[in-house]
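Colleague: For reference, the structure I am asking about is given below.
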Amino acid sequence: MSNETLICEPGMWLPILGEINEDGELQWPRGVLMILYLFGMLWSFAGVGIVADCFMAGIETVTAATHTIKTPGGGSAEVKVWNETVANLTLMALGSSAPEIMLSVIGIMGTDYYAEELGPSTIVGSAAFNLLMIIAYCIVGIPPADGENETGMRRVSDMGVFTVTGFFSIFAYVWLLIILMVVTPNKVGIEEGVLTFLYFPLVVGLAYGADRNWFKGDKINPNQHILSVAGHEFRAYEASALLKQAGKGASGDMDAEETAAFLTRMAMAQNKPSRAQLRINAMRQLTGGKRVVPKNVGKASDYVSKLPTLDELHETPEVNFASGEYSVLESGGMIAVSVVRLPAKGPFTVKYSTEGVTATAGEDFEAVAGTLEFKDGEEEKEIQIKIKDDDEVEDDETFMVKIAEPSVGIIGPFASTTVTIIDDDEPGEIGIKEKNVSVTVLEKEEKAHVMISRMNGSAGPISCDYKTTAGTAAEGTDYKPATGTLTFEAGQISKKVDVTIIDTGAYEKNATFTVELTNFKGPETRSKGFADHKTTATVTIVHDAAAKEMVDNVTKMMNMNMEQYNVGSASWGGQFSEALEIGCEDGETPSTGDYVMHYITVPWKLVFAIIPPTTYGGGWVCFFSALVMVGVTTIIIGDIAALFGCVYGLDKATTAITFVALGTSLPDTFASKSAAVGDDTADAAIGNVTGSNAVNVFLGLGLPWMIAAFKWVGSGPDNAWYAKYGIPVFTDGMDVRMGVDVTAADDASKITWIAGTDVQKCELCAKEVPIGEAAFIMPAGTLGLSVATFCTCALVCFAILVYRRGACGAELGGPPGPAKVHAIILVGLWFTYIVVSILGNKGVIG
């Protein structure tokens, strides 16, 4: 085809370089224009993707809004204002599909409310690509099972939401066939336009009901209101809770930096990236921008493991007595006191000595002193001390053993230990020593140990009962109640009451309960009764001060780490700075591709940096400003796509279902793949597709078609409307058609209007246009064939997913053989859809 015979209709704004004149004639060589419009269209796809990301950032900020609610226990909790399912099907779907939806809306308005091909064909073509190609990519994109955390498959967990969105993702297109080919062929009335649009809130409501289990008796999953990570400032109690989930309570011996890095990734995995974050990250990967999702963050289940401690990361030798207190019967003869050093690496020495307190060296025990020598790998040594017995009735006596001067490392908290020599000539009394009447236990510890002592004798059996009583600590919430009987046999001098502590993950805590001794049984001693000793101990459950400080530091570091993944912005200056910044994956240097794509797209980034930051008006200012920019960029895409198709000899419908649909859906491809790999289920990956496909029709076609129907029915037809569609008007039984010699009509009063191009030739036509005889004309034509083909392919796709759920165990992933076969089938269905649609556009079939 030569330049002279090729006529390309100008768009709303393009061309602007003089390459095509006002009559649509090519002024530049066709080959040059083919290259120019190809790169121009690809560049415009990058632009609309970037501005759509700004739009999604505003949406993310809006939907991340939270409020505080009162809990049944009288406390408070911070939850999202937006339900996740509703957000995904409304603002998130609008943001993800904004280019397609805006192309359809602007296309109708740009043609004075006449039907156009580019918008509807793009929506149907995008639906086919999303359902067939993206799901095929996700099926084979799941990593293989590794025998540990990775299962190699992703299964839909919320079948309620999946069923609703899946049904409407097909029904939406069946509905198009019904209104365009059955009810009112080639025409959309007000009722049909309004009903199409109202299906949008209907599907949102049904999906919300399924999410809230309105249609079941099951309990609602409390995780539906988990706070989003994006833009969320972590509190210390949240970091503490994450530590607990990781299988390790907060502890002062943790490395704060290492822990913060671990918890950041854990938080990103558990509070899985939103649809907005995934799409923004996918687009920034394509354009060399700053990433907003960590690379290989993994799934939530990957993080149920212990964190490294400071000792594990930076081992410092330390020596201690194994216990801070020992007891021995006067008739025991010898006592062995253990000394422990960690880690047991290399040779090690430490000095030791004894010192009397109430016991006298030489009379009650033999004094010892010397040096303990540890060999490489040896962890524990004993100090043997001889105890001397006599027949005198006397009180308990004590002496100390000390260690000093380690060859390397430090001495720990047990630098000395106290040895008590118990008299064995009297039965003694049961009680709680003064130093044990107040017990403090860290919440992270599993047990609280209350030491019960037998003092001033150990002859014969004696016993007592014990029980716990709640104070400020709640029974069953902070600790488990304990009751029982303690029996001291002859020679036994100490026992302990163990009370199980419940770790609530509290950041700050100070709660108490008591352990009380009652019902004493046994002979009294010669001089003292049971009541002379303490019979009640108070146990205080507290947080670890060192751990609290560590959590505070970790929280600060986590918030610093999270800033780099924030999709929002706080200032225009920051936005322009980010626009000029070349991004890359975590811990990597920018690749050549990052540099190339950054410099190609940096003009778009700078233009869209003028959009107000997300901090203004809770994200709404950014939302509406970016929406305007999406509209402006979509006009450019519509113009350049039409010109591209023209110079390549493609009709608008073919251009729309192939190049335009693929260009607008590419970011969603990578976003769905990331959702599939990074989540434990297939809900997000498949739900993004089914939800978008339904919303695209109900919102992207329902809204403009409803507006156009109101316009034409309200204003009535005009000369251009009749001339465009050539619809004959019947008056008093007379059929007036194009080509009739109206001047020969015997009764001019019977002719109210003339159809088609003869409007301009009619001298006897009525001067006023009758109201209510027009409608929005939407010729089914090749669109009907395209929609019918898509619906057939979609049914096969869902049949494959249902089959995979039963035969392969999951919709995505699973055995690699069947996964590849099913993916190939879906890809083949997409090519079938494209071929059939193109043949229909050319008039070969249909």
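Keep in mind that glycine also has a Cβ here, set from the backbone N, Cα and C atoms.
Worth saying up front: this structure is predicted, and the values here are computed from it rather than measured.
Just lifted these from TrEMBL, have a look:
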DOMAIN    306-404  domain 'Calx-beta'
DOMAIN    417-518  domain 'Calx-beta'
TRANSMEM  31-52  transmembrane segment
TRANSMEM  89-110  transmembrane segment
TRANSMEM  122-140  transmembrane segment
TRANSMEM  161-182  transmembrane segment
TRANSMEM  194-210  transmembrane segment
TRANSMEM  783-803  transmembrane segment
TRANSMEM  823-840  transmembrane segment
Colleague: As a test of reading the model: what is the averaged pLDDT for the domain 'Calx-beta' (417-518)?
Modeller: 84
Colleague: Is the count of Cβ pairs under 8 Å between the transmembrane segment (161-182) and the transmembrane segment (823-840), pairs 6 or more apart in sequence, 3 or more?
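Modeller: No, the transmembrane segment (161-182) does not contact the transmembrane segment (823-840).
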Colleague: For the transmembrane segment (122-140), which stretch among 89-110, 783-803, 823-840 has the most Cβ pairs under 8 A?
Modeller: 823-840
Colleague: When the domain 'Calx-beta' (306-404) is classified with DSSP, how many of its residues are helical, how many are strand and how many are coil?
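Modeller: Split by secondary structure, the domain 'Calx-beta' (306-404) comes out as 4 helix, 52 strand, 43 coil.
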Colleague: Should anything in the same chain at least six residues away from the transmembrane segment (31-52) have a Cβ under 8 Å from its Cβ atoms, list it; otherwise answer none.
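Modeller: That would be 19-20, 95-96, 98-99, 279, 283, 286-287, 289, 597, 600-601, 604-605, 608, 611, 626, 629-630, 633-634, 636-637, 640-641, 643-644, 647-648, 659, 663-664, 666-667.
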Colleague: What residues elsewhere in the chain lie close to the transmembrane segment (89-110), defined as a C-beta under 8 angstroms and at least 6 residues from its ends?
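Modeller: Apart from its flanks, the transmembrane segment (89-110) reaches 12, 48-49, 52, 55-56, 59, 62-63, 82, 116, 118-120, 122-123, 126, 165, 203-204, 207, 274-276, 279, 623, 627, 630-631, 633-635, 637-638, 660-661, 664, 668, 671, 688, 691-692, 694-696, 699-701, 703-705, 707-708.
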Colleague: Could you give me three numbers for the domain 'Calx-beta' (417-518), the DSSP helix, strand and coil residue counts?
Modeller: 3 helix, 58 strand, 41 coil
